Amino acid sequence: MLTIIEIGAIIAFAISGLIEAARRRMDIVGVFTVAFVTAFGGGTLRDVLLERRPLFWVQHQEYVWLVLGLTVIGSPLLGLMRHRWADRVMNLTDALGLGLFAVSGAALAMAAEMPLIVVVMMGVVTGVFGGVLRDVLCNEIPVVFQDHRPYALCAFVGCWIFIGFDAVGAEPWLAVIAGAGTTTGLRLLALSMDWRIPPWPRNMED
Amino acid sequence: MLTIIEIGAIIAFAISGLIEAARRRMDIVGVFTVAFVTAFGGGTLRDVLLERRPLFWVQHQEYVWLVLGLTVIGSPLLGLMRHRWADRVMNLTDALGLGLFAVSGAALAMAAEMPLIVVVMMGVVTGVFGGVLRDVLCNEIPVVFQDHRPYALCAFVGCWIFIGFDAVGAEPWLAVIAGAGTTTGLRLLALSMDWRIPPWPRNMED
Amino acid sequence: MLTIIEIGAIIAFAISGLIEAARRRMDIVGVFTVAFVTAFGGGTLRDVLLERRPLFWVQHQEYVWLVLGLTVIGSPLLGLMRHRWADRVMNLTDALGLGLFAVSGAALAMAAEMPLIVVVMMGVVTGVFGGVLRDVLCNEIPVVFQDHRPYALCAFVGCWIFIGFDAVGAEPWLAVIAGAGTTTGLRLLALSMDWRIPPWPRNMED
């Protein structure tokens, strides 16, 4: 179950990394590096913080091959895609990866019997970190800090939904779908409705 | 004992993160993220390097609530503060967090019976890392690299003071106060006296 | 055996860090920090990912003293060096550190009986990460992403050579020399011949 989620999240984030790196006109090594770091960054931080060894991409070496393969076949695929699609596919894969990784982080933290607020923070960190690294490597201010639209907040809400479903005794797969679906859905909704987070109220003069 | 120090360091660094993020006009999620990362970055790196699990903010979930609470009540508090105070409070909280975290890192490394030079480096890294992350997230060159005034050097000296007091058999609380006080005091002194570190001597032509 | 490699890699990377930081006219604390992070960054990440404790620079505290000493004696040495040499020494030490750390990462991952692709990735990450941190601290786009010349690719090939020698039952020291030599040699060759990596083929309009 968790394996399927992880594969989905890896593919989604790897593609978002490919698109972003291709836009920067990186060479093939750079494109692979960005895809690799985006796909594995969040999960690696999760495993280090939760003390899970071997790391998920060490345990499942096929994940590394998967990203290597995506880099090779990604080029003609992206070539087929018209430019105005790139933005949408990018946003969609990014939202999918966010939701799936957030729930996987929360599920593993819950299995380690951590307190609820920590479960939620682990979910948020796991979901957000891969995308942050992608943007840092591409020399951008991370999306999560830059646009004033909900990103980490979606993962935050989704993780509480996941915990809620789990608390009322729902089937694990149902809790996962609810949590990941809420996160991804909220993010896509926020993008299409152009929701804004209110700035932090302050009265200091500058 | 160490708990009290950590709470003090967390509050000090979280406030410095709040001020810095508020200056950048970040939204509430960004402000919380910066406060969270500033308060927990150094200690998390310390725990990962020293192989201490659970992480200190997983073990004490109230710390996470504390930062969450500070973010919520911080806004009106900062609003009360006039702008010309912001710089001073920022420097003060930053210096306090530096001293307290540096000593906590050194104390834990010493408890793990590491060699002295490693104890000192752990103290410096723990003290400095949270502030570095805060500046990186706010897209600044980290203070520690930018201004030519002693920062890491204060933590370096303070950790040796802490080791010295411990070596002559002083009470732990005395060693902690001496080490943290030296670090914080040196930093504040350096700021107010405008001390400069001499540049690294070199003769290379550019 | 691995100790000698590590010392060589540390010296090489520390010198490359010294040169880069001196160019930025950093103060002595900044120069030491950059040298320290460049020399220990890759190995620390390797130890954290492979769950090896104590960290290699905690186990061998003399490494820390070594870098501290290099920073102190480095200044007159660099002063003797004419400027047009600085670039060459920088490239040479960087290539040496890359080769030695890559093989050390691959060797330790192999000793932990990881799958081959993971062994190679560990080697590449260990070799590359120190230099990436150096460039990030010096506020540059990392060399590995910027110039379109092979860097990570050299480590990638060198690690496979190392695995190949090991697989056919060669002596460990021979495999190490072959792997590190291939990496360093390829990197130097790539620089002097001005080899370029082809950009990732794509047809998206911008």
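From the backbone N, Cα and C atoms, a Cβ is placed for every residue, glycine too.
Nobody curates TrEMBL annotations by hand; they come from automatic prediction.
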Which range of C:26-43, C:44-61 is transmembrane segment in TrEMBL? It is C:26-43
Here the stretch out of C:26-43, C:92-110, C:116-137, C:149-167, C:173-193 with the most C-beta pairs under 8 Å to the transmembrane segment (C:63-80) is C:26-43
* **the transmembrane segment (C:26-43) and the transmembrane segment (C:116-137) contact flag, 3+ Cβ pairs under 8 angstroms** => yes
Helix, strand and coil residue totals from DSSP for the domain 'Glycine transporter' (C:4-72) stand at 58 helix, 1 strand, 10 coil
